[in-house]
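A.B. asks: Annotations per TrEMBL:
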- 82-124: domain 'NADH-Ubiquinone oxidoreductase (complex I) chain 5 N-terminal' (DOMAIN)
- 140-363: domain 'NADH:quinone oxidoreductase/Mrp antiporter transmembrane' (DOMAIN)
- 6-26: transmembrane segment (TRANSMEM)
- 38-62: transmembrane segment (TRANSMEM)
- 82-109: transmembrane segment (TRANSMEM)
- 121-138: transmembrane segment (TRANSMEM)
- 144-162: transmembrane segment (TRANSMEM)
- 174-196: transmembrane segment (TRANSMEM)
- 216-235: transmembrane segment (TRANSMEM)
- 279-302: transmembrane segment (TRANSMEM)
- 314-335: transmembrane segment (TRANSMEM)
- 380-400: transmembrane segment (TRANSMEM)
- 406-423: transmembrane segment (TRANSMEM)
- 435-456: transmembrane segment (TRANSMEM)
Amino acid sequence: MADAITFLPSLTAFLLLGFVVLPSCGLANRNPRVVRQWVTAIAAVQALFGWVALGWIVLSKIGESPTQAVRLPLMELPGTPLAATIYLDGVSSLMFCLVASIGWVICRYSIRYLDGEPNQGAYFCWVGTTLGSVSLFILSGNLALMWVSWIVVGFGLHQLLLHYRERPAAGRAAWSKFTVSRMGDAAFAAAIVLVYRTFGTLDLPQLFELLKDPGLTSTPAVQAIGGLLAVAAAMKSAQLPFHTWVPQSLETPTPVSALMHAGIINAGGYLIIRTSPLVALSPVALSGLAILGGLTAGFAALVMMTQTSVKKSLAYSTIAQMGFMMLQCGLGAYAAAMLHLLAHSLYKAHAFLSSGSVIDRSRAVHGSRPGTIANGWSGCWLMAAAVLAGCVAMLALLGVDPLHKPGGLLLAAVLSLALTDWLARVRQIGDTGLLVRAIGVSAGLCALYATAYRGIDFLVSPNVASVTSLYAGTFVLIALALTFSGLWTLQTLAAASRSADWLRPWYVHASNGFYLDELLRRILVPLRSS
């Protein structure tokens, strides 16, 4: 039964991958209705199998079954490290269920969104190809198969970004993404070569067993492998300065944006979580991820606040969230990173698919906006301290000690700053009853986050690295905490003095992404011409 539950999700992934041949044969647009019906139907079956696989993993863990992870070899080439192996455990089942469910919703949404377009048949073929390759990447139990799936994901997304080929902006975005992806592919491939030369296998379960031997893990090659995997993940997840293609990709259909932001751009984070037993052996890689993620999150958050386009604001929001997820991975908080990945994917899919009705929703909001919170700083900081204490207490009640979890206090501090900002704005309204209800909602959010974290940690902790000490160092933790506190203070000051002369030039710089897009375009355009 375990083999069947593991095989069926991979079968739907291979079926979706089969649609890659239709556009090249010219058959995709001859009968688009049939193509979209088949792609949507297979995506629905895949979502069903995803929930069945996740339920089976959960029940196995609750019942303490010895088969809490299944390795299923589909095809192996004797004498070579190449193999088509499926590996189903808590990490892959969670991610596969998420991607399969969102993929089915996007297929359903695309039917009406693209109805009547002459190229919709090819669109659904590329959606199926991309969805199938992402699913296979998640389920892969062999690094070589992961790399091949990683390549096909980039190829399928490239075709989707070029759906409206007549638009120059679509071509620029696709080329930028293509260039960055190829550099990430090279880093991933180099890491795989080093893994095989060092350990003699590319099979993930075997590799994880070999990593338990201290004699094999204290070599320079292992440090280099961790660094290369971190570089590949950073490029895939749009970290500084490889983020510029994300806000450029707005010319693509909205369902593609939803799929990209909810199920593709987070592939870098999944790669780090999946290979965490290997990456965690490289302190330099973890420190680099923490620092780069923190810088990316702060930069993108500043730029996001100045955008006037809904979709562009969502794009920079994704960059900021990916930065924060990389920060969590760099701190060794893999369960928190997985929870963040799941929550962000669900939110961003909903945000993009409902972006067309944002104007109607804004018109339905009556009354004046809350004032600024620059006044009463002492009250705000006391509120922040109270919320932070509440977050820590809620985690402690659920048996999670933030002092012994990597980055636990930092993550609680960031959550408390977000809730404090909201509570302070509610406080400015002057309605005591509303403030009391807001405090109750904040307590509920803390409890929900702590409970969800506990559940995710229960599922993924046996399959990720156990980091008992903060590799990034105390100075990195303090610097990141001060950075997020400074950003919150800067946002508050900016809201209080919107008409100040000193703020106007910085607003212009931030609204243009501090010109990193133009700088990289000067570098990449000559490369494209050559």
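Numbering starts at 1 and runs along the chain as it is shown here.
Positions of Cβ are set from backbone N, Cα and C atoms, glycine also.
Neighbours and distances for these, please.
C.D. replies: Sorting each residue of the domain 'NADH-Ubiquinone oxidoreductase (complex I) chain 5 N-terminal' (82-124) by its DSSP state yields 29 helix, 6 strand, 8 coil.
Tertiary neighbourhood of the transmembrane segment (38-62): same-chain residues 2, 5-6, 8-9, 12-13, 15-16, 19, 68, 88-90, 93-94, 96-101, 103-104, 107-108, 111, 124-125, 127-128, 131, 135, 458-459, selected by CB-CB distance under 8 Å and a gap of 6+ residues from either end.
Within the chain, the transmembrane segment (144-162) has long-range Cβ neighbours (under 8 A, six or more residues past its boundaries) at 17, 20, 23, 81-85, 122-123, 126-127, 129-130, 133-134, 136-137, 170-171, 173-174, 177-178, 181, 185, 188-189, 192, 202, 236, 249, 251-253, 256, 259-260, 264, 267, 271, 274.
Under 8 Å from some Cβ of the transmembrane segment (174-196) lie the Cβ atoms of residues 81, 143-144, 147, 150-151, 154, 157-158, 161-162, 202, 207, 221, 224-225, 228-229, 231-236, 242, 244-245, 248-249, 268, 271, 278, 520-521, 524, 527-528, all in the same chain and six or more residues away from its ends.
Listed by sequence, the residues of this chain that lie at least six past the ends of the transmembrane segment (314-335) yet keep a Cβ under 8 A from its Cβ atoms are 233-234, 237-240, 243, 246-247, 249-250, 257, 261, 265-266, 268-269, 272-273, 276, 279-280, 286-301, 303-304, 307, 341, 344, 348, 351-352, 355, 405-408, 410-411, 414, 453, 456-457, 460-461, 464-465, 467, 470-472, 477, 480, 513.
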A.B. asks: Which residues of the same chain, at least 6 past either end of the transmembrane segment (216-235), have a Cβ under 8 Å from a Cβ in it?
C.D. replies: 180-181, 183-185, 187-188, 190-191, 194-195, 197-199, 210, 242, 268-269, 271-272, 275, 278-282, 284-286, 288-289, 292, 326, 329
A.B. asks: Using a Cβ cut-off under 8 Å, which residues of the same chain at least 6 positions beyond either end of the transmembrane segment (121-138) come close to it?
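C.D. replies: For the transmembrane segment (121-138), the list is 9-10, 12-20, 22-23, 28-32, 35-36, 39-40, 42-43, 46, 92, 95-96, 99-100, 103, 106-107, 110, 114, 145-146, 149-150, 152-153, 155-157, 159-160, 163, 253, 255-256, 259, 263-264, 267, 270.
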